[in-house]
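This report concerns only the one structure given below.
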Amino acid sequence: MHFIDEVKIYIKGGNGGNGCVSFHREKFIDRGGPDGGDGGRGGSVIFRSNHHLNTLVNYRYKQHFTAENGENGKDSNRSGKSGKSLVLDVPIGTQIFSEDGNILFYDFTVDDQSFEIIKGGSGGLGNSHFKSSVNQAPRKRTEGEIAEEMWIHLSLKLLSDVGLVGLPNAGKSTFLSVVTAAKPKIADYPFTTLVPNLGVVYVDDEEFVIADIPGLIEGAHQGHGLGDKFLKHIERCNVLIHLIDGSSNDVVADYNTVRLELELYSDYLKNKIETICLNKCDVLTDEEIQEKINKLQKATNKEIFPISTCTNAGVNKIVKLALETIKNQK
């Protein structure tokens, strides 16, 4: 299934049905009074979050959605049926914006939330409403209300507790596959991950969700590489796990490249709690590991955790630390 996280769609509520002009007809009664019924209300447009969905692909190829119109009123004071509301399911994490993106209408953060974005049009009045002492046989009725229509922008931000960040080929996808049952595409070349991957980490009787996004490169916040499109998917997380390729010749430069892109993208990411991991330590000597840890500690003033996603060394410690951080944030 394609991962789609941005779409533009057209929505319209159902129009109200027209009121009816009718007069009572009955044997032996020459001039029955007005008995035109009211039109039915048009259907509304409602969005609903659904935890079974994780992409907006359903709105990629079909872009126009209209609720059902209300029926016209009938004789014998019978009202027209109301139109069916249109319910559109979206993944948790979906945000509904105006077409230009300047107005946020709603943000779905839990399952089964509903938001009525357009109300159906009111039904028109039948001629029975207009009978008076001076007009016993009115032919007046009103038309149903025309419902609102609009183009809107849907944007999906995945919900996760932990976000994995790092340069391409830092080992994020391997880390995700080791700690979860997720099966991301993994290979030894940059940009293996082309879409965000989610996995659930189980620690004893507790769990949390972790997200791996495509690797960041310099200029990602401006659209370079793939990362800028997907950085939004880690804005909601509680903690970042920053993986650094231990086999790199300049681990400090690698760290600073990613860190700068996070800070330039948004204050949300800039202020996230960060756990820094020196990965691929299985290909380094103890002396090389310590040397690179010392350089990173000096540059970041933070604790550096040596790990290997190939041998699993140090990985469990990071998982437990992430869980503890998440619990402290809630």
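A Cβ is built for glycine as well, from the same backbone N, Cα and C atoms used for every other residue.
What Swiss-Prot annotates here:
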DOMAIN    1-159  domain 'Obg'
DOMAIN    160-327  domain 'OBG-type G'
BINDING   166-173, 191-195, 212-215, 279-282, 308-310  GTP binding site
BINDING   Ser173, Thr193  Mg(2+) binding site
Cβ neighbour count within 10 Å of Lys172 (GTP binding site): 30
Where Lys172 (GTP binding site) falls in three-state DSSP terms: helix
CB contacts for Ser173 (Mg(2+) binding site) [other CB atoms within 10 A, all chains]: 23
Cα-Cα distance linking Ser173 (Mg(2+) binding site) and Pro214 (GTP binding site), given in Å to the nearest integer: 9
Cβ atoms near Asn169 (GTP binding site) (within 10 Å, other residues, all chains): 21
